[in-house]
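What TrEMBL annotates here:
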type	residues	note
BINDING	B:S65, B:N117, B:E162, B:N169, B:Y193, B:Y245, B:V263	substrate binding site
There are 4 protein chains.
Amino acid sequence: MICENQQELESYVAHARHWTQKGKVADYIPALAKANQAALAVSIYEPGKHCFSAGEVEHKFTLQSISKVLALAVALEDIGEEAVFEHIGMEPTGDPFNSIIKLETYKPSKPLNPMINAGALAVTSLIRGSNNHERLERLLHFIQDITNNSNVKVCEEVAQSEFDTSFLNRSMCYYMKQHNVISGDVEEILELYTKQCAVEVSCRDLARIGAVFAFDGKDPDTDRRIFPTNVARICKTFMVTCGMYNASGEFAIKVGIPAKSGVSGGIMCAVPGRIGIGIFSPALDEKGNSLAGMRLLEKMAKAYDLSMF
Amino acid sequence: MICENQQELESYVAHARHWTQKGKVADYIPALAKANQAALAVSIYEPGKHCFSAGEVEHKFTLQSISKVLALAVALEDIGEEAVFEHIGMEPTGDPFNSIIKLETYKPSKPLNPMINAGALAVTSLIRGSNNHERLERLLHFIQDITNNSNVKVCEEVAQSEFDTSFLNRSMCYYMKQHNVISGDVEEILELYTKQCAVEVSCRDLARIGAVFAFDGKDPDTDRRIFPTNVARICKTFMVTCGMYNASGEFAIKVGIPAKSGVSGGIMCAVPGRIGIGIFSPALDEKGNSLAGMRLLEKMAKAYDLSMF
Amino acid sequence: MICENQQELESYVAHARHWTQKGKVADYIPALAKANQAALAVSIYEPGKHCFSAGEVEHKFTLQSISKVLALAVALEDIGEEAVFEHIGMEPTGDPFNSIIKLETYKPSKPLNPMINAGALAVTSLIRGSNNHERLERLLHFIQDITNNSNVKVCEEVAQSEFDTSFLNRSMCYYMKQHNVISGDVEEILELYTKQCAVEVSCRDLARIGAVFAFDGKDPDTDRRIFPTNVARICKTFMVTCGMYNASGEFAIKVGIPAKSGVSGGIMCAVPGRIGIGIFSPALDEKGNSLAGMRLLEKMAKAYDLSMF
Amino acid sequence: MICENQQELESYVAHARHWTQKGKVADYIPALAKANQAALAVSIYEPGKHCFSAGEVEHKFTLQSISKVLALAVALEDIGEEAVFEHIGMEPTGDPFNSIIKLETYKPSKPLNPMINAGALAVTSLIRGSNNHERLERLLHFIQDITNNSNVKVCEEVAQSEFDTSFLNRSMCYYMKQHNVISGDVEEILELYTKQCAVEVSCRDLARIGAVFAFDGKDPDTDRRIFPTNVARICKTFMVTCGMYNASGEFAIKVGIPAKSGVSGGIMCAVPGRIGIGIFSPALDEKGNSLAGMRLLEKMAKAYDLSMF
């Protein structure tokens, strides 16, 4: 058993709490700016064990970039590994997640990986469905299945607000359309993408998602297969090489587990064969990762010896 | 008098004609691909003199990037030098005309000059008018006035075709909208921009436009002022530093006159205080300039001692 | 036991052999160009087991970029994690290993990681010693200790040849000296760096090196600690995120083990807690990795289920 | 006659003087840092006229980047236009004068023009001579001839200081050596380059240099030809497109004359067919141009109608 007791986890949260004051809540849309700067929560999902949690675990937040991993899993299932990687590369970029430069300099034009915005938009464009409603249902059911939570749904306010203002994502989509990286209607892709980012979850949901990836796509409790091993493996690899924006390398050194963060302050972690972890703390560092969440994870990684390396 | 006789000019055209076979007609839209690869024409507009022409001067073609100079003149008149350069820089870029990189790397985000696509789109967004119809009328009347040709109009086929496929320009507009370089509706700006690029002219029209710039904004025949001296001067300066895509530096060395080219194969030149020149030859070199047109201009620059330097 | 029998391994090598014809032996210095294009060899070091090998295992070759991992281990031991990462970053770059661009664009100027040339040169400048002779001895003894092979030494011909022609590395050193990333004499640093790259090993040596990293810095046979766990962990992490030039992401997906390649055609792999693998095949792919070596590793990763993810 | 009287020029200097307090004297070497922040001087060289001067015209300063124009003139004379432009391009860059990025991104690797550091170093490598002493003599005599001042010589203190610390220029030289842009010994090229930059002149010398370029390479007083017309024309063109670092475009708009500045605070201007102007004021703006000098030139350009455009 990873986490021995509730008190221990609560003390870690208590000690990391002050870091929430050093970060900055994302404010590019009003719905995100409303988040509670001081919030810090963690859940650990260990199969067959009590799910330990500490902090404001009742808080809900949107997946944002964490949804990139889930959309990738769906696209890999829908059209297969080979077809996905015809459109999107496998390499870390060294650039910010919203950089457009490598779309111009890298030949042939192709987003370098599915965890940067350009790559994630291209992934979303590959999800099967005869229209956006079908594609969103496909994705939502997948998330509800992994989280074992049929209440998971899109926060329409956040989705609309992002859709109206995501000029940079539009810019990248049109750039990719010019170079045949994406086909289909840009506004439709953006609508689906902003909805996928606006799926609302809790820390516990994230921990459960992490656990499913940790156990290679199987429900950690029932052993039922939700998605193929290979899909889980690919997703976990990207989480290591590019999951934490352009702090991924440092995170791999300091924590050493597959993880994906979002600008809402969530972090989803999958410790292979062991546990899933969900983190929430909306105050971000300069790279866009939850500041207190990162500190808490560093602490937990040492205490529970979580690093893969 | 610059050009002594008709025969001389015709012999220059005849000698440069074979270069039309080395270039490549733009084919990114069908309407441009239809151009006659072998065409080569030139007109010289010298005030008070016969307008010498040689080659296929009856051919019509769209302004394309040459319109960037005219839209800049209108914007400078409409909102003034200071307001224009709040949104657009004054520096050559060293990058291709359709590069998006410096919008990301240059701080604050701002297109480097009005002759690259990003800058030209921003300029177009500054033209006054309560709607696109008014703005287009403003621009068309300006062009009809300069060319002294009320028949000049938009080729709707080219405009529509460019509008439908200009994903790269859309991408740059949304990128600039994100960074508040442009405000207003992107689709409207693109519609106006593609229409301005699709204004149809002949070599003679270009020569007359060049002459008006050469004479600081005055009608070279009647001395009537069409636009202010300062506007003419700014436009001619950009024509020297950035008029020939990223071959502007070489053109300044080898020819040495203010000039602006377009992918339809036109080149408009203003030899300060002396003449205007219009060139048409749709086969382009690698940088996007009329290949035979450049050779013809090199020859004429030497023969008539046109360089400013 | 990972590898069941000798025959199996030999059949993998036989099947991968034809790939040696698709690659290209590095020829930027004559000493490397002499390598046998058709060579392909592999060694597996499993503690307490027979060391299985197949192919031309008697071939010697120089470490080249594989030495970056070893120099990093020495520097981490010599001055500690914190001091090393004051000079060198932890992030993958997405650029070629010899790119100089991010030294200019990344602020403050700092090589992004120790596996690209700029970062490796900076690492080498941090190795302790009162002069180059001492520093080289320090490094050589470290390598002899890890390989358990006191015959390992520098190939002076290769070292001299690289030193005379490494203008790009000189360029990066002076760039870093300008920005205070490195101090000390550039020619001395280059001399040490080219010597470290020219250390000659065999496949078996590489396999043993991999095994020591796989077992967290301990001699896998005697359990004697050679370097600290933390050093081994950091090195393995960089091997995953940046070990295979800018094919590291793809390698992580397809093979999924910490590995470092060199332009001489060697690959050193550390499968955590299990085995070390040494590969040699000098015909390289476009990214600079041993082409047949990569194919062989893909095969072995599947056959022996080696991926960490 | 351009300048009507001494008093007028003095009043312009007096009015521009306060701008010297807004700039920053270059301090990367001690010899430059010693310059008098408050100094502002101007000389106008009009053939057959009194040479009007105002301000601290007795001050001496080193040519720095102004020497790039003179070395280019020498190299063009020595090996011809074609040979020079095999090694160096003709295009403005849009990047800072000491940027190394385009050497990597531009294919084939080639400095974009002779006014950025990389291009100027390549130009210097092309000056004829069997050794550095001969090459320096060649260059010095050229400068003494143009300035009609046989006392012009190298400031050894500045040269040595720059040589010892010019790691960035060394970096660019080695990068270019790798790509065969320059051949020969890098340290020798750097020695010659730092000496050329350290040639000491006064405002009056600069004005006279400008006048020789203004009159197409002829001594403006005696009409004796010093260098060919074509060389003068090429140099003036680069002064317009790239003479004022990456403020060249803005300078062309606002002043509109061929000019070259240096970090010592000098500006040399050639108004074609009319005058030469020398400026000195060591407090620089952010782009590296003399701040008060630029303001003074803007004023003079308007007052004397100097713009070419």
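Quick reminder: no glycine exception, Cβ is built from N, Cα and C everywhere.
Where TrEMBL records a feature, it is marked here on the structure.
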{"residue": "B:S65", "record": "substrate binding site", "DSSP class": "helix"}
{"residue": "B:N117", "record": "substrate binding site", "DSSP class": "helix"}
{"residue": "B:E162", "record": "substrate binding site", "DSSP class": "helix"}
{"residue": "B:N169", "record": "substrate binding site", "DSSP class": "helix"}
{"residue": "B:Y193", "record": "substrate binding site", "DSSP class": "helix"}
{"residue": "B:Y245", "record": "substrate binding site", "DSSP class": "helix"}
{"residue": "B:V263", "record": "substrate binding site", "DSSP class": "coil"}
Item checked: Chain-internal residues, separated by at least six, CB under 8 A from B:Y193 (substrate binding site) -> B:A120, B:L121, B:T124, B:N169
Next item on the list: Quick one: among the binding-site residues B:S65, B:N117, which has the most Cβ atoms sitting within 10 Å of its own Cβ?
Entry: B:S65
Next item on the list: In whole Å, could you give the widest CA to CA gap in the substrate site formed by B:S65, B:N117, B:E162, B:N169, B:Y193, B:Y245, B:V263?
Entry: 19
Item checked: Packing count at B:N169 (substrate binding site) (other Cβ atoms within 10 Å of its Cβ) -> 24
